[in-house]
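Student: Okay, these came from TrEMBL:
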type: DOMAIN; residues: 28-248; note: domain 'MacB-like periplasmic core'
type: DOMAIN; residues: 279-402; note: domain 'ABC3 transporter permease C-terminal'
type: TRANSMEM; residues: 21-47; note: transmembrane segment
type: TRANSMEM; residues: 275-302; note: transmembrane segment
type: TRANSMEM; residues: 323-351; note: transmembrane segment
type: TRANSMEM; residues: 371-394; note: transmembrane segment
Amino acid sequence: MNSFEFFIAKRYFKAKRRTGFISIITYVSIGGVMIGVTALILVLSVMNGFEQEVRSRLLGADAHLRVRKFYMEPITRTDSLLSLVGKLPHVIGASPVIVDKGMISGKERQYATVVKAIDPQMANKVVDLKNHLVLGELDFTPRLYHGKMLPGIVLGRYLADALFATHIGDIVTVWTMPKEGGIFSQPRVKQFYVAGLVEIGYYEYDKTLSYMSLKDAQQLFGINGVTWIELKLDNYNLAGKVAQKIEEMLGYPYTTETWFQLNRSLYSWMEIEKWGAFVILSLIIMVAAFNIISSLIMVVMEKTREIGILKSMGASSRSILKIFLYEGLLVGVIGTVLGCIVGYTAGFIQLKFNVISLPPDVYLINSLPVVMEWIDFVAIASISILLSLLASIYPAYRASQLVPVEAIRYE
């Protein structure tokens, strides 16, 4: 960009002002754009970090994809279905699961629980439960306690706290009501020893979930089969595509649910919050844009005589318009570049050195999470430069409409 208009715009931008106040407004405009861009980059990066943290924790308990029957009918031909879906492209793990509700009691208290029965070896290929264990092991092998062989159970951390069953070997009792017998039927009751505690990091899960073996769940709930098949993919973003292929292949009565569908409201809320913050923080850049308007109008007033001379020498109104558009653009570009540099530097420092720490007992993470994405930088920089350019239009138009003779006489 070596045009005559850009050359003049640079001269005007660098030139000392007769009125120092104009220079101050120009610097304030650059600073405003820089602060707005920096704030946007940091806020969106932190929100990306929290979103990634929530997703990783939820996917620690839930698979990328579920295959089940309509109306939650049990799947009886488990082995053949596992073999069929396990061979599909992008599927790297498959695990049968039983999920049902029951009551669980500890030493003195009882609570509702969501029982999730798994095969530990197969489940480890699908969900990351082992890394979420805070005590014990994911092992349901029966062991001798108080003269009885009891199977193991793994409890969510907060459920264990509520039951006062926070030690390995503590005894808990799970009971369920048979669905076929109505309210007058005898409940099915089974005792377990606590084999471990798990903390997903999502309170609703850690307060209600309990894990046991498939065999124990089938006895406890009186079902022959499993509730659904959980699948892990090599890329969770392909869940929708793989789900469609499975539904086409299996047909009725099978259906699928992706990780996004299972937590649609949560992810949608985070997305709305992210773009809400983007719009609100963009107001900082808009304020800076008004400063650009003010500073350029003052520059036009100061340079009126020079504009008249340029016009009398043959410069067109279009050229004058471009000069002041370029000057406003320079303010926007400089502020945007500085903002991107400061935002990236601050995010990088937090990423490497964890300058801002968080109480892990409240947030379950030790430091403020930061995930910087290039698409955010591009979007923020584009909006910032566009607003700066739009702010330059009015003063640039006023400058282009000056009459040469009157402008030259201006003092």
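Quick reminder: no glycine exception, Cβ is built from N, Cα and C everywhere.
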Student: Can you work out which residues elsewhere in the same chain, 6+ from the ends of the transmembrane segment (371-394), have a Cβ less than 8 Å from its Cβ atoms?
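Tutor: The answer is 33, 36-37, 40-41, 44-45, 48-49, 51-52, 278, 282, 285-286, 288-290, 292-293, 296-297, 324-325, 327-329, 331-333, 335-336, 339-340, 344, 347-348, 351.
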Student: Give the residue counts of the domain 'ABC3 transporter permease C-terminal' (279-402) per reduced DSSP state, in the order helix, strand, coil.
Tutor: 101 helix, 2 strand, 21 coil
Student: For the domain 'ABC3 transporter permease C-terminal' (279-402), report the average pLDDT of the model, please.
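Tutor: Summarising the domain 'ABC3 transporter permease C-terminal' (279-402) by its mean pLDDT gives 88.
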